[in-house]
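Novice: The following block contains the structure, expressed as structure tokens.
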2 protein chains.
Amino acid sequence: MNAIAVYEGADKPVVTEKPRPEPSAGEALVRTLRVGVDGTDHEVIAGGHGATPAGDDHLVLGHEAVGVVEDPNDTPFEVGDVVVPTVRRPPNGANEYFARGEPDMAPDGQYHERGIVGAHGFMAEYFTSPAEFLVEIPPALAEWGFLVEPISIAEKAIEHAYASRSAFNWDPESALVLGNGSLGLLTVATLDEDFERIYCLGRRERPDPTIDIIESLGATYVNSNDTAIPDVPEAYEPADFVFEATGYAPHAFETIEALAPNGVGALLGVPGDWEFEIDGGRLHRELVLHNKALVGSVNSGYSHFEAAVESLAALSEAFLGDLVTGVYGLDDFEAAFADDDTTIKTAVEFAAYEER
Amino acid sequence: MNAIAVYEGADKPVVTEKPRPEPSAGEALVRTLRVGVDGTDHEVIAGGHGATPAGDDHLVLGHEAVGVVEDPNDTPFEVGDVVVPTVRRPPNGANEYFARGEPDMAPDGQYHERGIVGAHGFMAEYFTSPAEFLVEIPPALAEWGFLVEPISIAEKAIEHAYASRSAFNWDPESALVLGNGSLGLLTVATLDEDFERIYCLGRRERPDPTIDIIESLGATYVNSNDTAIPDVPEAYEPADFVFEATGYAPHAFETIEALAPNGVGALLGVPGDWEFEIDGGRLHRELVLHNKALVGSVNSGYSHFEAAVESLAALSEAFLGDLVTGVYGLDDFEAAFADDDTTIKTAVEFAAYEER
């Protein structure tokens, strides 16, 4: 079968031939429909993140997949079920984090991530997975199912941020999403029902398709070239909730200044080392005197995928159509890895969904 | 009656004569037993924190009080009840935070703090308080009741930190308390039942009475002159929970490096402005990839005082005797404001408790 992989030392993905996988006991065989591309894929390709499976010279890419069960192989699934796989797998049998359904809380060394670190991804015509790591979704969502994984990332971060405010009565009204990439835009859309006012910060100038999407969602675009994050409270309003999806390290600390009293910032970016100066005294004092919190969040678990399916079902086709700027077949899969100002979200299509 | 106050422009507290307060409707009159002294009092005296009540040229000190109801004045209390007052009061009638019993979550301008900002404190022979701000404690705890307020500060911070970890299965084993002042020591004692291993960091050299207390509690002293906070994980172990009670701003950020994966740091210090360099990229990445959180916490509410009464009752007399290095009458109240290496926790005594 065909797969899209990046070889060690290479800086571009290629189509490669791999044997079609055979499901082991407890695993189903899934025919891949679509696999999304995100910033993590670009980091993996650039060699800044992730690792090939032990003993292999390449990594099959892809962690945002949707597919159709081809062979249930004695799992509870039926042929034709539309499924989305979760990403983390236990490296050596199970461990406590997987045993309690919280692989997203496993520390370094206690997980592989398919398509990212230590395990091949889903960018292939078929993949196998233990049934416990497959989330069934409604067939009507098959076309957009590759968005379940990125939405699940937001769901987990939001859940953890809300948990941090659960010791008191918290009634957030305003949210500030840092980053107008695909995760930022999906988060703006996902938060839409919970917040009266949503702001989304980016560094693009008009005209720009991401700004159009932000405004079509009823949110306000904040141009970081005009308004630095610490100035957002005065220029717009303090945010009860900040969702950082930029990976730009100063933003993690500026978040403290953008927050309203009793607010929380969810941090999701993964920057490299970078030393810079902060007014640490002011930020420390601000965290304490106004009961603010910062919550880091990585990956997502089964329950977050389930929540993401609900959220995806609530998103409009118009928004999804604007967000997904391209779905490409194997013939022009390179286009799915473009990283320019007209590309927002892309996917590689391995097969079209056909209802049975 | 006699009161201990600091006058505007002065840098020392004095005994001053004030009229005995008359309880208004809904208020009880309380005869003061003891009032503790802490770092906030020192900051208020130094002029770095707090404000006198509008129209007054002085502030009666004291926010850590215990007293006996002298006149219930139609409140549910009875003469002789031993009570501890909470600290915050609504500035102009009630507001939403006080209405729902969460004055500790009120932002600037929505609260006064007795003995700190905008309202006279409890360092006087009598004080009045609305009954809803008085917490009854067992008479057996009358002697140590002035410790309920500082313990309540720890209870709130611990509650909020735990809440931030409530979205997953968190089973913390190791705690690191930053600061061996009275709040740090009370926290070590309070955490004792919940953690298998507790570390307490300070910058004192042996022999030192606070180190003796830390070790008598079964905790491990970490000398910050030998081991910087980022080195604690390697020199000792990473901490599931960090409790910052130093007000030293770099500690707020170093906390991220001391935490174990999925750990949380509660921040309580209130430093002044201070610019310094951090490896913000590494800290941001560490927060995210290991699901870490920082939670700022200030003040405490009624429920935290109630929890503190329980915690106080569980502390040993031996520990309390070591912690409280002096209780002074009005004749030598200045000694209660000493700030040297032999002073840990002090109180001013206005009256001895007599069982009725």
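Glycine is treated like the rest: Cβ placed from N, Cα and C.
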Novice: Quick check on the annotation: TrEMBL has B:Thr40, B:Glu113, B:Asn299 binding substrate, so which of B:Glu149, B:Glu254, B:Glu257 does it put in that site too?
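Specialist: Candidate in the recorded substrate site: B:Glu149.
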Novice: By DSSP, what is the split of the domain 'Alcohol dehydrogenase-like N-terminal' (B:25-138) into helix, strand and coil residues?
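Specialist: Grouping H, G, I as helix and E, B as strand yields 18 helix, 44 strand, 52 coil.
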Novice: Measuring Cα to Cα across B:Asn180, B:Gly181, B:Ser182, B:Leu183, B:Arg203, B:Arg204, B:Leu268, B:Gly269, B:Val270, B:Ser297, B:Val298, B:Asn299, which the record gives as the NADP(+) binders, how far apart are the two most distant ones in Å?
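Specialist: Greatest Cα separation within the listed binding residues comes to 27 Å.
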Novice: If you measure from the Cα of B:Arg203 (NADP(+) binding site), which of the binding-site residues B:Thr40, B:Glu113, B:Glu149, B:Asn299 is the nearest?
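Specialist: Nearest in space to B:Arg203 (NADP(+) binding site), counting only the binding-site residues, is B:Thr40.
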Novice: Between the Cα atoms of B:Ser182 (NADP(+) binding site) and B:Thr40 (substrate binding site), what distance do you get, rounded to the nearest Å?
Specialist: 12
Novice: Binding-site residues B:Thr40, B:Asn180, B:Arg203, B:Val270: which sit with Cβ under 8 Å of a chain A Cβ?
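Specialist: Among the binding-site residues B:Thr40, B:Asn180, B:Arg203, B:Val270, the ones whose Cβ sits under 8 Å from a Cβ of chain A are B:Val270.
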Novice: Give the number of CB atoms, excluding that of B:Arg203 (NADP(+) binding site) itself, located within 10 Å of its CB.
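Specialist: Step by step: centre on the Cβ of B:Arg203 (NADP(+) binding site), count other Cβ atoms within 10 Å, giving 13.
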